[in-house]
Structure formats: C-alpha cells, structure tokens
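Written out below as structure tokens is the structure these notes cover.
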Amino acid sequence: MAQRPVRFADPQGGRRGGSGQAEADVRGGREDPQYGAAGHPPLSPGRHRRGEAVGAGVPPAPGRRRLARDLRPREDPRPLRSRGAARLPGAAPPPIPARAMGAYLVRRLLLALPTMAIVYTMAFLLVHATPGGPWDNAEKPLAPQVIENIRLKFHLNEPLWSQYLLYLRDALHGSLGPSYVNTSRDVSEIIGDFFPVSLQLGTVAMLFAIALGIPLGTLAAVYRNTPVDYAAMGMVVMGISLPNYVLATILVTVLAVLLHWLPTGGWGGVMDIRVIIPAVAIGFRPATTLARFLRASLLDVLGQDYIRTARAKGLSGRGVVIRHALRNALVPIATVSGILVADVITGSFFVETITRVPGIGRYFVTATTGRDYPVLLALALLFGVVIVTMNILVDLTYAVLDPQVRYG
C-alpha cells in the first residue's frame, strides 16, 4: 500500500511535501537542514531521539509541549537538617539526633541554675521574714542563756547575708545541716524518710488522674453538646474550683465517719486501702484539668481533614478516635502533664495532714509552724528541683511526640 506523502509547514508561509524534494529527503535518509529527517526541527547537540523526555529539543508550544528542564524533579535547596519533618498523622516520629538532644539538655540544666538560685533566695527571705524563732513555741521554755548558745551554734546571730552564704556553701557541698526542732537528726535523713511516702502517694494519685481524666475528656469531646458533655464539664468545674484539702475533708467525713467504708487515715503502703482517700483527694483536680485540656485538643483534631478522610473510608467512630485522633490530641497535653505531676507530688501538704499520711507534705506543715529554717529551705530546694526536672522531661517528651520540634 502506497504511503501518503508527508507535508510539512513552511515557516515562510508555503507548504512542502507531496512529491517534492522533502519526501525524497525523508525516504532517502537525508536530513533537511531546517527540519531534519523526521519532519521536525533538529535535536539539540548531545541528545538522542529515543528514550529522552517528551519535548526535548522542541521549541515550546504553549499548552502542548514542555521543556525537558520542566520535567525534571525539583530539588530542595535547603540542607536536609533544616527541612521540616513531614509525616502522616499517627505515623512513628523520626529519631531525634543525640547531639541535638544532649546540647539542649545541657542548656536547660545551665538555665536551671539561676532558677534554683532565685528559689533559694526567695525561700530564705520569706523564712527569715517570719516573726519569732524556732524555740519560741517550745513545749518547755528554754532559758535565755541556752537560746543564746543555740543561736551561736547555728550562726543565727550573724547578718542575713552571712547566713545566706553559709547555708548556700553547705548545700553545694551536700550538707543540709541538722534540724532546729529535731536536733538529733539531719535534714537529709528527714527527707529520705518522708519523701518516698509522698512520692508513692503522688504516683497513685497521678495514675488515678490519668485513668479518670483521659476517658472523661474523650467522652466530652466525642459527645459534644450532649448530656454526657454537660455532666463531664460539670465535674471539671467542680474539680478545678474545689481545693484538695476540702475534698479530703468531705471524703473522710462521708466515707469514713458516716458510712464506715474506709479508714479515717494512716498509711500502709500503696496497696493498702487507706491510700484511697488521699489519692482521690489529690488526683481529682489534676484529672479534671487533664479532661478539660484533652477535650479542647480532641475537638480540634476531630475537625482535621485526615479524620474526615478516615471516616469516609469506612472506619468506625471508635477506631478513628482511638487510632488516629487521640494520639495527636495528646501532644498538647504533654505541656500540662509535667505541671500536674509536680503539683501532685508537691501539693499534698494539707491532705497528708488531714489523712495522717507520714509524708514530706505533712512534715513541711510541721516545719512551718515550728520555724525549722533548715528543713524549710531544703524542702523549697527539693520542690524546685522536682518542678524544673518535670519541665525538662516534658520538653523532651514533647519532641518525641511531635516531630516538628527540633533541638539545635
């Protein structure tokens, strides 16, 4: 079957092809100096006709052809370490470089030093601004000469700035000195005896707060503007407004005195039934605070596009909330959790006194009424260390949960 002659557009306005010279050039293997053997403009030097991108060597025609450089993948000019970490919601976060983590940790520890200095200074000034002395409320009045000898022994007759430097020097050397009330015991021994009890009680209270706060906040967000949400928010308002020592008094009165369900107080360890009242009294307020923040965060996450996509693919509401929404909603909660943990551990002063728990909070109240200066200063430093440590741990946890956080 005879082939139809190929015709080409003439840039001068005419037409070429048919039985003319162009057809003979194409069939004979000779290239036209302007259009080439294939009937289109010649390829640029160094290119091949086969296997190259579409449009290579062809003048750009709007809407029909693209230059080869437009088809090449564009490279990000930024270095790899400065690019943002993109990942799908719910995917595992990338590992954090150990060097960046170590440098950040060193900076935070250095910044903690002036913070602890401010805490120590404020505690020292407040303790010494209180009228009276450690031996004014003694059961047996001491002779003036005995009090004077005691003041000389503990350097209480020296100026405040001298006492400040002396105690700071001893604290830096690890010596917190003896107690003014219990002179036979060192402050370090007292903290070692009472602080583990408060730590155990705070751990149980925080577990109770997590077990109550996360389901409460999740239900309030899922069933928004329903009776479930209103009941949950009512508990949140009550928990935030009610002090823990008032709640402890109510629980002791109702559960122990009226109903005789639980003992009135005491301590027998974390597995003893007597831990219920102080743990609930201390952990109820953090639980409601956690529920409040989780509800707001979860409502924001449930409105994201990937949540709607997951629902459109047929995932159940429970699966969407648990597998996709809840994990990302817990990221902002990490900022609040550190403060809640520190508040649980250090905020049990009056609850331990009401429930007769031999913890550091109860001893802090005793040291305050007895003006035991070394114990008060040591506990102020201890609580400051706990709060600073929890803030650092929260920042590190936040970086693990959110890959957009970078340490440099």
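The backbone N, Cα and C atoms fix where each Cβ goes, and this holds for glycine too.
All annotation found in TrEMBL is predicted automatically rather than curated by experts.
Among the features that TrEMBL reports, compositional bias 'Basic and acidic residues' is placed at 24-33 (among others).
As annotated by TrEMBL, compositional bias 'Basic and acidic residues' applies to 68-79 (among others).
As annotated by TrEMBL, domain 'ABC transmembrane type-1' applies to 195-394.
Per TrEMBL, the feature region 'Disordered' maps to 1-93.
What TrEMBL lists as transmembrane segment is 109-129 (among others).
Outside the transmembrane segment (204-223), and at least 6 residues removed from its termini, the chain residues within Cβ reach (under 8 Å) are 229, 232-233, 235-236, 270, 275, 278-280, 282-284, 286-295, 298-299, 302, 317, 321, 326, 340-341, 344, 348. For 204-223 (among others), the entry in TrEMBL reads transmembrane segment.
Positions annotated as transmembrane segment by TrEMBL: 235-262 (among others). Counting only same-chain residues 6+ beyond the ends of the transmembrane segment (235-262), those with a CB under 8 A from a CB of the stretch are 216, 220, 273-274, 276-278, 280-282, 284-285, 287-289, 291-292, 347-348, 350-351, 354-355.
Distant neighbours of the transmembrane segment (329-352): 198-199, 201-202, 205-206, 209, 244-245, 248, 278, 281-283, 286, 289-290, 293-294, 297-298, 300-301, 358-359, 361-362, 364-365, 383, 386-387, 390-391, 393-394, 397-398, 401-402; these residues of the same chain sit at least 6 beyond its ends, with a Cβ under 8 Å from one of its Cβ atoms. Annotation source TrEMBL lists transmembrane segment at 329-352 (among others).
Same-chain residues lying 6+ beyond the ends of the transmembrane segment (373-394) with a Cβ under 8 Å from its Cβ atoms: 105, 108-109, 112, 115-116, 119-120, 123-124, 127-128, 134, 167, 171, 176-181, 187-188, 190-191, 195, 334-335, 337-339, 341-342, 345-346, 360, 363-364, 367. Feature annotation from TrEMBL assigns transmembrane segment to 373-394 (among others).
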